[in-house]
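Peer 1: Just passing along the structure, written as structure tokens.
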Amino acid sequence: MNASPSTIVAIATAAGTGGIGIVRLSGPQSVQIAAALGIAGLQSRHARYARFRDAQGEVIDDGIAVWFPAPHSFTGEEVVELQGHGSPVLLRQLVARCIALGARQARAGEFSERAFLNGKLDLAQAEAIADLIAAGDLRAARAARRSLDGVFSRRVDAVSESLTRLRIHVEAAIDFADEPLDTLGGAQVREELTRTRALLAQLLRDAERGRKLRDGLHAVLIGPPNAGKSSLLNALAGSDRAIVTDVAGTTRDTLHEAIQLDGFELTLVDTAGLREGGDAIEREGMRRARAELQRADLALIVLDARDPQAARDALGDAIDAVPRRLWIHNKCDLLAVAGPMDADAIAVSAVTGQGLEHLHTRLRELALGDGIESVDGEFSARTRHVDALHRAEQHADAADLELRYEQLELAAEELRLAHEALGEITGKLSADDLLGKIFSSFCIGK
């Protein structure tokens, strides 16, 4: 255990009023501070009714106190939770009294940080706590719960253990450099590395899916002015989120709206119409539209169904940045007769609703069917996890190449770097500044 000398305190429930509010203490003085509040006779993991008193003996609040002795607590330290009424005034007064008795205000994420430092959970699990709290839909919440339960970490550990075995074999071969690699089990090393690279590649694919589950997909509505992008966003969102007029260039800024697709969050981004010219404000809107495209997972290209080819030509190469695209011919209700349709386009009318069900189906297929389908054991992941796995994969591939030419020292270094990248995910090889950045994004009471 990495015991901390100080005792910390914070409100553990969400901001605002509620039926119940919780103040959490963690550290060696937790029980003594509780006693000074007037809470005597605490028993391990037993709820005890008490009145919480100030320095003059006046009652601050009454409620339940629970003691979790070390190391059998969330943080691994002595923990006392004070459960009273959810009044921010009373909770702040209770925290102030605890501070007067020797505790200090906890930093953001400090309870989870202590749990990590005391070996109660690893870094990926600690991050999953924040992801679980912030989950925007049920699937994201379930994925975060699996990461908190260690599903992601165990798979990282499995690859890490395989890399450890490989490093042992390669380092041993370096010590016996006069012997050919094949006489030292070179074939088995290459076979193990091939298997490890396959595990790593699959883990990377699953982590990419986990990142999308956590962050959702960003779909940018792009197209020329007056193609009906804002009307389409309103139709998909089921509310009038964007201003709609007959004047081309009405949309000047980006507008984000989240919708749910079978329990998966898709963020729609309405953007300014792309065209030549325009005033300074409209040109800034078009610049922002192109910037959104650079970050998009999916481009919804909205064209006027009455002349889609001309609208396509007006876009130029703006959509080349997004590999996944869905062509939408809007305003199909204004066609006197059905015109020629591109094979890859969907005809809709944002005004009448024609074709919207087909569009919803196609969006679900793109969002859920391409690497986002529901699978057993899916877990939550973050961009930093995906980045670390990418680097681990690159180093493992480089190690394979070095082994082919029997460059053992170079192969050993590449394996070490791959191992180090994996260690960043669970926190086994993380710099202090990285830990500080991660935990500072947590809630104060976590």
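Each residue, glycine too, has its Cβ placed from N, Cα and C.
So Swiss-Prot lists these for the protein:
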- Arg24, Glu81, Lys120, Lys446: (6S)-5-formyl-5,6,7,8-tetrahydrofolate binding site (BINDING)
- 216-368: domain 'TrmE-type G' (DOMAIN)
- 226-231, 245-251, 270-273: GTP binding site (BINDING)
- Asn226, Thr245, Val247, Thr250: K(+) binding site (BINDING)
- Ser230, Thr251: Mg(2+) binding site (BINDING)
Peer 1: Starting from the Cβ of Lys229 (GTP binding site), draw a 10 Å sphere and report how many other Cβ atoms land inside it.
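Peer 2: Around Lys229 (GTP binding site), other Cβ atoms within 10 Å: 33.
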Peer 1: Show me the subset of Arg24, Glu81, Lys120, Ser230 whose Cα is within 10 Å of Ala272 (GTP binding site); these are the binding-site residues I mean.
Peer 2: Ser230
Peer 1: C-alpha of Ser230 (Mg(2+) binding site) to C-alpha of Arg24 ((6S)-5-formyl-5,6,7,8-tetrahydrofolate binding site): distance in Å?
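Peer 2: On Cα coordinates alone, these residues lie 47 Å apart.
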Peer 1: Would you mind listing, in sequence order, the residues at least six apart from Lys120 ((6S)-5-formyl-5,6,7,8-tetrahydrofolate binding site) in the same chain with a Cβ closer than 8 Å to its Cβ?
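Peer 2: The answer is Pro71, Phe74, Thr75, Gly76.
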Peer 1: Quick one: pull the CA-CA distance for Asn226 (GTP binding site) versus Arg24 ((6S)-5-formyl-5,6,7,8-tetrahydrofolate binding site), whole Å only.
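Peer 2: Pair distance, Cα basis, whole Å: 55 Å.
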Peer 1: By the count of other Cβ atoms within 10 Å, pick out the sparsest of the binding-site residues Asn226, Ser230.
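Peer 2: Candidates: the binding-site residues Asn226, Ser230. Fewest Cβ atoms within 10 Å: Asn226.
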Peer 1: Going by DSSP, is Lys120 ((6S)-5-formyl-5,6,7,8-tetrahydrofolate binding site) sitting in a helix, a strand, or coil?
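Peer 2: Note: Lys120 ((6S)-5-formyl-5,6,7,8-tetrahydrofolate binding site) is coil by DSSP, not helix or strand.
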Peer 1: For Lys229 (GTP binding site), what is the secondary structure state per DSSP, taken as helix, strand or coil?
Peer 2: helix
Peer 1: What mean pLDDT score does the domain 'TrmE-type G' (216-368) have in the model?
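Peer 2: Taking every residue in the domain 'TrmE-type G' (216-368) and averaging pLDDT yields 77.
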Peer 1: Do me a favour and check the Cα-Cα span between Glu81 ((6S)-5-formyl-5,6,7,8-tetrahydrofolate binding site) and Lys229 (GTP binding site); whole Å is fine.
Peer 2: 51
Peer 1: Hey, how far is Arg24 ((6S)-5-formyl-5,6,7,8-tetrahydrofolate binding site) from Lys229 (GTP binding site), Cα to Cα, in Å?
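Peer 2: A Cα-Cα distance of 49 Å.
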Peer 1: What is the total of other Cβ atoms whose distance to the Cβ of Arg24 ((6S)-5-formyl-5,6,7,8-tetrahydrofolate binding site) is within 10 Å?
Peer 2: 26
Peer 1: So of Glu81, Ala272, which of the binding-site residues has the fewest other Cβ atoms within 10 Å around its own Cβ?
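Peer 2: Taking Glu81, Ala272 as the binding-site residues, the minimal 10 Å Cβ count falls on Glu81.
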Peer 1: Using DSSP, would you call Ala272 (GTP binding site) helix, strand or coil?
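Peer 2: Looking at the DSSP assignment, Ala272 (GTP binding site) belongs to neither helix nor strand, so coil.
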